[in-house]
Amino acid sequence: MFYAQLAVNGLVQGLVVGLGALALTLVFGIARFPNAATGDTMTFGAYTALTVHKASGSLALGSIAAVGGAAVLALVAYLTVFKRLAGRSVVSLLVASIGIGFMIRAGLGVAFGHQQQVFNVPLSRPIRIAGLAINPLDLQLATVAVVALAAVFAILYLTPIGRQMRAVADNRDLARVSGIRPERVMTAMWLIAGGVSAVGGMMLGIKTIVSPEVGWEMLLPIFAATILGGIGSPVGAVVAGLVLGVAQEVSTPFVGFTYKIALSFVVLLAVLLVRPRGLFGRIEGVR
Amino acid sequence: MDAYLAAIAIIALIYMLLSLGLTLQYGLTGLINFGHVGFFAIGAYTSALLSLQGLPLALTIPAAAVTAGLAAWPIGLISLRLRDDYFAIVTLGFSETVRLVITSEKWLTNGVQGIPGIPRLFETISVGIGAQLAVMGLILAVTLAAIYAMRRIVASPFGRVIEAIRDNEEALQALGKDPAGFKIQVLILGSALAGIAGAFYAHYITYIVPDQFIPLVTFYVWMAIIIGGVGRVSGAIVGTGLLMLFLEGSRFLRDIVPGVSEVEMASLRIGVVGLLLVLFTIYRPQGLMGDFTKR
């Protein structure tokens, strides 16, 4: 029962990781580099949601602002930096993404200071379902995450632009000769990646605290989930995020509070060495 | 003032050792090590803990190099099987894991409280400019030796092989060379340099806490070699000089421009590092000392 309770607690954490990993895997699959600014985009989302929530008192407004703001931020990063680096080595893009992450973090640090902030959400009594205590807030957050995920998957699998995105992820050159405009696909992809990160960041902020470093500190679990799920696999990213979130919580009694983060590193190594294409990845010639 | 300049020089030399290690790994061999600070931390803690057990620094500093080098060995074995970008993520994860371990294993490292009272170098000389200069002289000698060794490596067959690994690994394999062993050697060597840097750092500052070993340090070093010019020993030297100018200059800027608090300055510093990484990657990937004729 105790572990079941931990697992339930881990689910929300897992959704946060899963959302971040989804953003990362979209960029990885389509733009072909690991975007180290993903974590800081999440932080940006958390701060935007926090500010709007403080001003208006509405979490719904906050989340809309966060999604919009972070989507625009990601698109600006693409247009000003990543687009110019297209065709360069992965290292260039990776270093540039770290630079962008630093700039976002610096901007947030100057604007909001370094003291930890919290979302002022009303406390509520947990609901008991089958002996498990479930926080109504967690349920709301999970609903938001599921709605966001449903929206992303609907775009990816039900719309023409989603089909084009998947085509580019699959084979860029083939997509190009089939008349798919890479520009539009990239724009859509960065908007979605930014928005998804923002939802993850906002949830993280509500569940824990908001500080300029929160997103960066999530980077390792997010990378681990992306690779566990298989690079470029949106479903895999979310599933792996949930697995990792639950595993972190369930492992806490054994390994302690600090080492649960190291679990991501172990998972990352194990997957890369044993099954580099992850759970849902395609077989690629490289790893 | 003299003491201040000596202090800056010592820190600059420590960063120089880190830059040289990274130049060897990334600049020459093309291994994207995002976990440099992890080896720096291992060196610092190894030498600090051993010296507090009463061992002479002449033993503990080499021990720091050996431990940091040994820690790089498994990472090297893994690197052989991974693509560049995955290796970057793994090393970044490694340095964060190192930091978690030193934060958590209180029995060994005293956790977040850190280790105070680490013996200084040249403890027989009383604190003051004389001791500072002696420390500076020693680190300078080690740095010069490292620079000399690096120049020899670049000119040697070993240097040609590792540069070939960076430029075209497949072609090198086709010529019958095995990149694996070279990569591991390079990682171990570069990390041992970082370990020595860590040991000097610990004995100079005399107080270490896990928070001194955050990934930002790694990216300071990255910034130095990217600005200076990747793959050039001269680039590492110039880049580290500019890095120090930036780190110390930003401190003075705060005295001149009023109303900027220390935390804001810390944020601005991170922001400038980020901006420089982006600008140099886009506009001048070969750095200041790099080949001016190609882009």
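Just so it is clear, glycine is given a Cβ too, placed from its N, Cα and C backbone atoms.
Feature annotations, courtesy of TrEMBL:
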| type | residues | note |
| --- | --- | --- |
| TRANSMEM | B:6-24 | transmembrane segment |
| TRANSMEM | B:31-51 | transmembrane segment |
| TRANSMEM | B:57-78 | transmembrane segment |
| TRANSMEM | B:85-102 | transmembrane segment |
| TRANSMEM | B:129-150 | transmembrane segment |
| TRANSMEM | B:186-207 | transmembrane segment |
| TRANSMEM | B:219-246 | transmembrane segment |
| TRANSMEM | B:266-283 | transmembrane segment |
Under 8 Å for C-beta pairs, could you tell me which stretch among B:6-24, B:31-51, B:85-102 has the largest tally with the transmembrane segment (B:57-78)?
B:31-51
Winner by Cβ pairs under 8 Å against the transmembrane segment (B:186-207), considering only B:6-24, B:129-150, B:219-246
B:6-24
Same-chain Cβ contacts of the transmembrane segment (B:129-150) under 8 Å, 6 or more residues past its ends?
2-3, 6-7, 9-10, 13-14, 16-17, 20, 23-24, 120-122, 193, 196, 200, 204, 233, 237
Where else in the chain does the transmembrane segment (B:219-246) make close Cβ contacts, counting only residues six or more beyond its ends and a cut-off under 8 Å?
8, 11-12, 15-16, 18-20, 22-23, 26-28, 34, 36, 147, 150-151, 154, 163, 166, 269, 272-273, 276-277, 280-281, 285-290
Cβ under 8 Å to the transmembrane segment (B:266-283), counting only same-chain residues 6 or more beyond its ends: which ones?
216, 219-220, 222-223, 226-227, 246-247, 250, 260
Who are the long-range neighbours of the transmembrane segment (B:6-24) in its own chain, taking Cβ under 8 Å and residues 6 or more past its ends?
33, 36, 39-40, 129, 132-133, 135-136, 139-140, 142-143, 146-147, 150, 153, 186, 189-194, 196-197, 200-201, 204, 217, 220-222, 224-225, 228, 230-233, 235-237, 239-241, 243-244, 248
For the transmembrane segment (B:31-51), sequence-distant contacts whose Cβ falls under 8 Å of one of its Cβ atoms, 6 or more beyond its ends
18, 21-22, 25, 57, 59-61, 63-65, 67-68, 71-72, 75, 79, 84-85, 87-99, 102, 108-109, 115, 118-119, 183, 186-187, 190-192, 194-199, 201-203, 208, 210, 212-215, 217-218, 221-222
